[in-house]
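Per Swiss-Prot, active site, charge relay system is recorded for S122, D201, H229, and the stated evidence type is similarity to another entry.
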Amino acid sequence: MRYQASPALVKAPRALLCIHGAGCSPAIFRVQLSKLRAALRENFEFVYVTAPFPSSAGPGILPVFADLGPYYSWFESSSDNNHNGPSVSERLAAVHDPIRRTIVDWQTQHPHIPIVGAIGFSEGALVTTLLLWQQQMGHLPWLPRMSVALLICPWYQDEASQYMRNEVMKNHDDDNDSKDTEWQEELVIRIPTLHLQGRDDFALAGSKMLVARHFSPREAQVLEFAGQHQFPNRPRDVLEVINRFRKLCVTAQTLE
């Protein structure tokens with residue numbers, strides 16, 4: 001499936017990779033980000049990726065977005081209770097494929113508009129986190145350098161942390177002295193990030209755990225807002241998000 005860019009004429013100097021939530025779609029994510037897109041339209045193009053697995057509608061999607069299906073998710077649900085399903089590495093390979101194809105399509109058609117950051121919502125925010133971490137670890141040579149990220153109501157599973165720990169420990173099997181110090185530092189992402197957390201979000205506890213475990217306190221900003229599992233909708237909250245993200249982009253040198 002080819003990438004889906006902002007429908008308006010491409011004219012911004014840089015682009016952001018947009019990774020929607022579970023049971024969602026690029027069309028829905030475009031609507032969810034409409035206020036942010038409007039504020040940043042002169043600065044960024046928004047490049048949307050479609051998740052690999054067809055699924056039912058996710059939380060909060062129906063009935064509002066009943067006409068914007070079909071819906072997709074990043075991780076295929078499994079009823080296997082014997083733990084014989086695909087490993088995290090195998091599932092990430094399925095996640096990487098549509099993202100890589102989207103990036104290649106964008107770079108081919110818009111070689112002078114680099115992708116410099118990412119926006120992820122819910123399950124897409126967890127995917128974004130894993131992409132950022134894998135890139136920091138020297139993997140994913142096909143992924144453009146991610147300099148900034150906005151994570152909206154991240155969904156979290158401890159399985160992701162365990163995967164990261166296992167990958168790090170592979171490099172420290174013979175280094176006992178570093179197991180309690182250096183290797184833990186390798187689990188922390190060190191790029192400017194803004195984390196939006198709805199106070200009434202069912203995923204709030206996991207969102208807090210994700211930023212505490214895997215993002216540098218010096219680089220990560222957390223903004224709580226009055227709301228549930230959604231992009232903020234109160235005007236003052238929206239303005240705060242826009243202002244903070246702009247400043248973050250300046251810090252990351254993705255915005256002048």
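Every residue gets a Cβ built from N, Cα and C, even glycine.
Separating the Cα atoms of S122 (active site, charge relay system) and H229 (active site, charge relay system) is a whole-number distance of 8 Å. Long-range C-beta contacts of H229 (active site, charge relay system), restricted to its own chain and to partners at least six residues apart, with a cutoff below 8 Å, comprise P59, G60, S122, C153, G198, D201, F202, A203.
For the recorded site, H229 (active site, charge relay system), the DSSP three-state label reads coil. When each of the active-site residues S122, D201 is scored by how many other Cβ atoms sit within 10 Å of its Cβ, D201 comes out lowest.
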